[in-house]
There are 2 protein chains.
Amino acid sequence: MAKIKGPRRPKAQTPKGFRDYFGAEVSARKAMLDKIAEVYHRYGFDALETSAVETVEALGKFLPDVDRPNEGVFAWQEDEDWLALRYDLTAPLARVAAQYRQDLPTPYRRFAMGPVWRNEKPGPGRFRQFYQCDADTVGAASVAADAEICAMLADALESVGIARGDYVIRVNNRKVLNGVMEVAGILDPEDPSKFEAERGIVLRAIDKFDRLGVDGVRALLGEGRKDESGDFTKGAGLGGAQAEQIMKFVSANDLVSFELERVAQTVSSRGGDANDLFKASWIRDPSDLALQKSLGATISVDQISTKIYNSFVLDFLSDLVSGSLVGSEGVEELEQIASLLAAQGYGPDRIIIDPSVVRGLGYYTGPVFEAELTFEITDEKGRPRQFGSVAGGGRYDDLVKRFTGQAVPATGVSIGVDRLLAALDAKGKGPAKAQGPVVVTVMDRARMADYMALVNELRQAGIRAEMYLGNPKNFGNQLKYADKRESPVAIIMGEDEAARGVVQVKDLILGAQIAADASVEEWKAQSQQVEVLRGDMVATVREILARYA
Amino acid sequence: MAKIKGPRRPKAQTPKGFRDYFGAEVSARKAMLDKIAEVYHRYGFDALETSAVETVEALGKFLPDVDRPNEGVFAWQEDEDWLALRYDLTAPLARVAAQYRQDLPTPYRRFAMGPVWRNEKPGPGRFRQFYQCDADTVGAASVAADAEICAMLADALESVGIARGDYVIRVNNRKVLNGVMEVAGILDPEDPSKFEAERGIVLRAIDKFDRLGVDGVRALLGEGRKDESGDFTKGAGLGGAQAEQIMKFVSANDLVSFELERVAQTVSSRGGDANDLFKASWIRDPSDLALQKSLGATISVDQISTKIYNSFVLDFLSDLVSGSLVGSEGVEELEQIASLLAAQGYGPDRIIIDPSVVRGLGYYTGPVFEAELTFEITDEKGRPRQFGSVAGGGRYDDLVKRFTGQAVPATGVSIGVDRLLAALDAKGKGPAKAQGPVVVTVMDRARMADYMALVNELRQAGIRAEMYLGNPKNFGNQLKYADKRESPVAIIMGEDEAARGVVQVKDLILGAQIAADASVEEWKAQSQQVEVLRGDMVATVREILARYA
């Protein structure tokens with residue numbers, strides 16, 4: 001006879017690309033968000049919490065850094081409207097800035113933290129729901145707003161435990177790139193629509209600099225590039241001099257660093273003042289760089305005074321955009337940012353002007369920033385590598401224009417909370433293993449009320465505690481449970497103890513250590529369990545907890 | 001000539017039924033969640049954060065208290081699967097408890113807080129995204145778990161600022177109702193499928209007790225009820241004695257309270273001990289209650305000792321379910337809960353056994369709890385009314401059965417965070433008006449770096465501060481901005497002050513008070529603005545802030 005099947009049971013699974021967070025994972029992220037929020041708040045930023053759901057219309061579909069802007073959101077239809085989960089915290093800010101423009105202060109500084117959702121193919125460590133932690137200033141055209149964001153970002157990183165020297169915030173400016181493109185002859189201020197296709201290819205190419213390197217980008221600036229799979233990507237078709245101009249911009253950091261090293265060497269060998277000593281003599285061909293660099297001495301930028309460092313970078317950029325109005329404006333903005341930051345003591349050991357920041361240059365309209373962690377970690381294959389970027393942002397001056405027709409300047413930053421948590425973990429500064437609760441065991445089912453009174457006493461004294469709520473028959477199971485809960489202490493009170501008004505207080509951490517390491521002699525010498533008067537239980541537990549705090 | 005229309009601009013609006021939260025609203029909720037989490041954690045509960053998105057299959061569609069269980073969620077299709085936003089925090093817990101059943105401790109105490117989404121018609125004050133704040137114990141069959149949840153709920157309410165006496169947690173038990181139905185002849189333990197339709201009507205009727213009152217429920221227990229619009233709802237068709245039995249259960253609280261008052265009067269007039277004095281002589285007809293009550297003296301339950309109160313209630317219920325096994329079991333569970341709580345000092349001034357808690361009795365399988373705020377507020381029409389329920393929960397023993405086929409006992413509570421915030425607001429204990437930042441004004445555009453240095457000094461001293469980042473041309477606008485930001489202090493440094501190494505520190509709160517109240521004499525006498533050395537700025541600002549803290 002055939003078996004009669006019941007209805008199919010549902011699968012107990014998260015949807016593809018989503019995950020659950022337990023205990024210490026939740027509290028570690030919360031602690032980080034709290035610390036960042038405290039810094040944002042101190043800088044005068046106000047909290048804003050929008051809902052997860054927006055109309056697709058209000059949201060727009062302008063995911064940055066995505067080639068197919070119409071994809072990437074979770075959306076569904078409701079009556080005539082389409083609703084969707086927000087894919088970042090900037091799009092809802094744009095909607096809020098337009099919706100409440102009469103009521104909000106101008107400028108409006110706001111911070112927001114919470115999950116965002118991307119309908120993308122999940123990968124290892126890449127989830128479709130993740131946290132962002134943003135701060136933006138809406139309605140301030142001054143680059144003082146950008147400088148403030150950079151200083152705040154430095155403070156935020158330090159507040160969560162990234163030591164000074166373990167991070168650097170790099171600042172670049174889209175306007176400088178525009179100047180470079182103007183000088184290279186692919187941007188005509190008189191007719192901005194000309195060479196749009198070429199500029200598009202250039203922007204996409206330099207956005208991939210980290211991945212493709214000098215040769216890959218140079219190929220894309222010229223005829224094109226064939227990747228490992230044999231696919232050919234058509235290039236921008238720039239001539240040699242044009243491409244060199246772009247390449248100098250992209251490699252500017254290395255070029256400047258090399259020059260700094262050379263000068264530092266000269267200065268230290270002669271004992272003079274670098275400011276008087278040199279005029280920048282920039283290396284003309286970036287491909288010579290590796291060779292020349294290997295000849296130079298290593299010197300860290302924080303040995304160079306702010307003034308010298310900035311003068312080097314800004315001189316270099318001035319040269320590069322010479323003749324372009326927008327380019328000069330961009331260099332001047334960077335100069336202002338550097339000097340505003342210097343006035344507050346944020347030197348190049350924390351925030352540097354760095355023309356090699358190219359990520360997001362296609363998206364932002366003015367200054368761009370990127371925070372990078374500079375310490376080495378070991379990747380999944382055991383190789384050392386730099387941890388890399390944990391935050392980024394910049395100026396985007398068309399924030400609410402979609403809604404109101406009016407251009408409103410805005411600048412902001414987004415911290416990748418999950419990456420930052422991973423970084424602290426890699427640095428050994430991850431969440432301290434959470435201490436489990438004290439477990440009051442159940443020796444005698446008739447005394448449940450007494451056990452609850454004990455547990456209540458501990459809790460009212462501020463000590464995390466619980467009574468064993470499983471089946472108390474097998475006492476071994478209770479200790480196994482305490483072990484799973486990582487309990488530091490167990491309380492035991494049987495009939496005999498109850499009659500004598502005492503409890504047994506068992507130090508489970510010491511117990512585990514003894515079981516793992518100690519010889520029998522040591523084991524006997526140590527008291528992993530003490531009998532105390534019931535009235536002394538709280539004090540005794542406190543004493544043991546203090547040992548392991 | 002017809003105007004050429006550009007593309008239609010998107011509307012800057014939240015979707016229907018969603019809203020934004022600004023500044024103090026965000027931090028007030030956060031502060032409340034933090035305090036509740038601290039209590040949950042102290043009780044040994046571990047944080048769990050699941051994602052907002054679940055498969056519809058895993059989620060199930062069992063919205064409690066909803067007549068049409070297939071509606072109510074935001075869902076969309078992905079490949080063959082349907083995904084949806086979670087509608088509560090219990091359904092994801094069920095999925096987690098099944099998915100990780102090998103790894104989680106047993107029992108598993110977990111708490112979760114976060115938004116949930118309901119695809120329902122929004123109304124005034126009723127949104128489609130709102131916060132829940134849950135704690136549940138999975139895998140503990142003992143009613144000690146239920147008692148623990150009740151004690152924890154009391155602690156949580158007090159931790160957020162609800163004073164003892166301003167709330168009460170009522171506990172009832174579905175099993176007692178089952179016993180009552182058995183005695184009334186509409187539940188046959190030998191054949192549970194019999195009278196299912198009648199019991200369904202009875203459960204729905206008593207669930208509406210708050211709204212329909214004694215007469216409405218009694219009508220639904222009998223032939224049926226015609227509502228104000230003339231619609232007729234068919235009743236359960238119970239006979240007079242059957243209906244009386246149910247009505248006694250529903251009115252139990254009033255009946256017991258009246259009896260308590262009567263006995264208390266007798267006791268106080270004779271100076272004796274209530275325990276010796278009386279045997280419960282329950283009022284046989286609930287309709288006599290109002291009359292008899294008006295004759296009785298008013299006495300609050302916290303004047304009655306725990307033991308007396310419990311013996312009254314439990315005696316009453318024992319009588320009511322006499323002869324039913326499940327009913328006696330239910331009464332015994334309530335007795336245990338009361339005595340476990342009493343052992344920890346949670347008497348009827350905080351947690352009472354109250355058979356009139358009927359909400360959710362159709363959903364839960366054992367004890368049910370409801371936290372009610374007992375103070376009066378003024379409703380939107382100016383009438384005084386009780387604030388009512390802010391949290392509820394109970395035991396539901398089939399949590400993971402859908403997934404695994406195995407019944408796992410569970411009990412838990414959900415706090416309605418938004419209602420609790422509204423309650424504190426109504427009680428005048430809402431969020432203190434957030435203090436705005438100190439505003440460093442911009443008198444001289446060339447000194448931006450100096451102003452940023454000033455603002456940085458304040459921030460590094462832990463003082464919330466910002467530099468004015470709007471167009472500084474009109475100084476009046478800067479003060480208007482400071483006003484909108486509710487800034488307590490403005491810093492002013494023009495060319496003259498800079499040359500002399502001083503700043504002006506302006507007390508804006510005093511300034512506003514003077515502008516509003518003071519006569520000219522007083523105005524002159526008070527110094528709302530002081531000039532101090534730049535090095536004394538931080539100390540001066542601290543002093544002013546301390547005045548208004």
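Placement of Cβ uses the backbone N, Cα and C atoms for every residue, glycine included.
What you are looking at is a predicted structure, and each value in this text was computed from that prediction instead of being measured.
As given in TrEMBL:
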{"type": "DOMAIN", "residues": "B:17-424", "note": "domain 'Aminoacyl-transfer RNA synthetases class-II family profile'"}
{"type": "BINDING", "residues": "B:Asp88, B:Leu89, B:Thr90, B:Arg118, B:Gln132, B:Asp136, B:Arg359, B:Tyr363, B:Tyr364", "note": "L-histidine binding site"}
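All protein chains included, B:Asp88 (L-histidine binding site) registers 18 other Cβ atoms within 10 Å of its own Cβ. Cβ neighbour counts within 10 Å, taken over all protein chains shown, single out B:Thr90 as the most crowded of the binding-site residues B:Thr90, B:Gln132. In the predicted model, the domain 'Aminoacyl-transfer RNA synthetases class-II family profile' (B:17-424) shows an average pLDDT of 84. When other Cβ atoms within 10 Å of the Cβ of B:Arg359 (L-histidine binding site) are tallied across all protein chains shown, the result is 21. Among the residues B:Asp88, B:Leu89, B:Thr90, B:Arg118, B:Gln132, B:Asp136, B:Arg359, B:Tyr363, B:Tyr364 said to bind L-histidine, no two Cα atoms are farther apart than 21 Å. In the three-state DSSP scheme, B:Thr90 (L-histidine binding site) falls into the helix class. For B:Tyr364 (L-histidine binding site), the same-chain residues lying six or more positions away in sequence with a CB closer than 8 A to its CB are B:Arg174, B:Gly394, B:Arg395, B:Tyr396. In the three-state DSSP scheme, B:Arg359 (L-histidine binding site) falls into the coil class.
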